[in-house]
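Record features, source TrEMBL:
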TRANSMEM  21-41  transmembrane segment
TRANSMEM  47-76  transmembrane segment
TRANSMEM  88-110  transmembrane segment
TRANSMEM  141-159  transmembrane segment
REGION    296-316  region 'Disordered'
COMPBIAS  296-307  compositional bias 'Pro residues'
Amino acid sequence: QVPPYVFFFMCCASYRIHSIFVLRLFNDPVAMAILFLAINLLLEERWSWGCLLFSLAVSVKMNVLLFAPGLLFLLLQRFGLLGCIPKLCICALLQVVLGLPFLLANPVAYLTRSFDLGRQFQFKWTVNWRFLPEEVFQNRAFHALLLLAHLAGLALFALHRWHRSKESILSLLKDPAERKPPSPPLSVNNILWQASGVCPLNARAQIVFVLFSSNFLGVCCSRSLHYQFYVWYFHTLPYLLWCTPTSKLAHMPKVLLLGVIELCWNTYPSTVCSSLSLHVCHGLVLLQLWYGTAPPPAPQPPQPSRKPAPLSRKSQ
């Protein structure tokens with residue numbers, strides 16, 4: 001769905017991404033490379049191998065957990081509650097195996113430091129919250145507010161954009177064979193376009209959409225974005241922008257959004273203007289995702305035809 005010239009733009013304008021990959025040698029690109037391999041396996045219906053590599057990516061960098069809500073939704077949709085438990089066990093088992101040497105030596109220190117979700121970030125490195133005072137940036141209440149916004153966004157997208165069935169979302173807990181109507185198999189290749197101006201997300205496209213939008217919601221509500229974090233969603237932005245019809249947002253504004261986001265990430269140190277511009281761009285992407293993937297309106301029953309009243313002789 002992405003026009004070819006967009007990839008040329010990405011190659012020419014990705015100075016910050018080149019720096020993250022080649023010059024700085026951060027572990028973020030390693031984790032994302034493993035994650036994209038896992039997504040390819042999910043698209044090929046190799047769910048067990050995909051979950052294994054997803055867990056491996058988490059062991060490299062915990063930002064991959066931003067994809068976890070979307071993956072859980074897909075597993076429930078594909079296998080139901082009982083069917084997805086073995087896949088979740090694969091993810092957990094790999095974490096135990098990789099952490100076993102540290103768990104045997106000092107389990108408390110390993111668990112508290114490896115999965116420290118409450119650590120504070122330094123204000124001088126933030127890219128997205130530079131316009132806030134530092135005391136607000138470090139405030140725990142502000143962090144709790146961001147977490148609530150993240151959870152609310154995930155809930156709204158899960159209820160109204162990811163869940164395409166007419167049944168309640170609780171039907172995901174059932175076995176797929178018991179659902180009415182049953183969930184379609186996740187093996188279709190093309191997005192269907194309708195004259196109504198919305199793109200109904202089919203099975204394979206839905207896998208990509210759910211995972212990428214889950215991660216993007218986490219990025220938007222992140223407590224702090226550092227410069228190496230750009231790779232968390234750089235390669236997903238073209239799909240998120242072009243998976244919706246151009247009637248919602250034309251081609252050139254989408255390219256402009258990519259350019260402004262790139263400019264924000266290349267502004268060092270970040271400024272009030274660059275951080276505000278980044279949030280505006282994120283908000284525009286979210287809006288076009290929300291309205292561009294809305295379900296089509298229900299078809300209206302045809303109105304009964306009425307026989308026209310006969311004309312009077314005078315009007316004739």
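Each residue, glycine too, has its Cβ placed from N, Cα and C.
The recorded stretches the transmembrane segment (88-110) and the transmembrane segment (141-159) do not share 3+ CB pairs below 8 A when only pairs 6 or more apart in sequence are counted, and are therefore not in contact. Tertiary proximity for the transmembrane segment (141-159) is limited to same-chain residues at least six positions away from its ends with a CB under 8 Å from its CB atoms, namely 69, 73, 132, 169, 213-214, 217-218, 220-223, 286, 290.
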